[in-house]
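**Q** Shown below is the structure under consideration.
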Amino acid sequence: MQFNEISVEEVYRKDEKLKKEDVQVLMDWMGKQPHLPKATELQVACFLHSCYYSNEAAKNSIDAYFTVKTLCPDIFSSRTINDDILRATIDTQLFVVLPELTPAGDTVILSRKIDPDPRNFHLIGQLKLMDIVPLLHSHQYGPPRGFQLIIDMELTSLGHLLRINPSYVKKFAYYLQEGMPIRLKQIHFINIVPFMDKVFSFIKPVMKKEVIDLFVVHTEIESLYDHIPQKLLPEEYGGNIDSILVLRENVRNLIKNSENYLKFQESQLMNESKRQGPSRHQEDLFGADGSFKKLDID
């Protein structure tokens, strides 16, 4: 079964604040930026939605999105089930959109380890999933009101942290905050580990205060249910949703069926040589001399 995207007209019907004429203004602007690739109307609508209908904010997001994607091919290419790292990551790491909305209307994403062995952990593969899964969901069903992310730390060990390259964390954090066309409402940490301070030492230096303010650390899982009812979770959490292993196969099939769609997105690269004026995003990521800025972790 091939991936089928939602029609952009249906997106407009679902969200009356999202105006076709505003999206067209952005598309006209993109057409005047020689360094940017062509984008579909649905893609541009998702950018405008993620920026709460601000055209100026959406312009910044669009430029950041294509800049980071082009300059970081290690994260944003080879997004196919035939890629060894991505395939291994699907086997060992769950990153999935759950099927039911919260009472507030938010979409829930669950992230957790399936395999506790750090030797089988691939940060690049995890970052690929973190990009692929929510964007495919937005293009299949329309951009949601917002995403609530649950990060289950239960099978995470210090060995996993030792396999993390801070430069990749910074690249993806920049993409998440500046370019990724999603609305992130809250980030919930459950089954927390004694070394959460070390976990946050990787995350907080590269996150804006407004994103850090979305963090909710649950010392008891019951407090999560104030935000996300238990019945919306997989059966391993006492919920009514399919098991973790079934959800994993759903992700595998989603990516397999979306291969051509993902290849098209990978082909949407900018041409920096045609840019009119300096690139703030390239300088923010790589510095004025083009070398990646070092992230210091204590």
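Backbone N, Cα and C atoms are what each Cβ position is placed from, and that goes for glycine too.
Pulled the feature table from TrEMBL, pasting it below:
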{"type": "COMPBIAS", "residues": "272-284", "note": "compositional bias 'Basic and acidic residues'"}
{"type": "DOMAIN", "residues": "140-245", "note": "domain 'CRAL-TRIO'"}
{"type": "REGION", "residues": "272-298", "note": "region 'Disordered'"}
**Q** Please report, as numbers and ranges, the same-chain residues at least 6 past the borders of the compositional bias 'Basic and acidic residues' (272-284) whose CB is under 8 Å from any CB of it.
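**A** Residues packing against the compositional bias 'Basic and acidic residues' (272-284) from afar: 33-35, 63-64, 67-68, 70-71, 174, 178-179, 290.
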**Q** Taking every residue in the domain 'CRAL-TRIO' (140-245), what is their average pLDDT?
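**A** Looking only at the domain 'CRAL-TRIO' (140-245), pLDDT averages out to 97.
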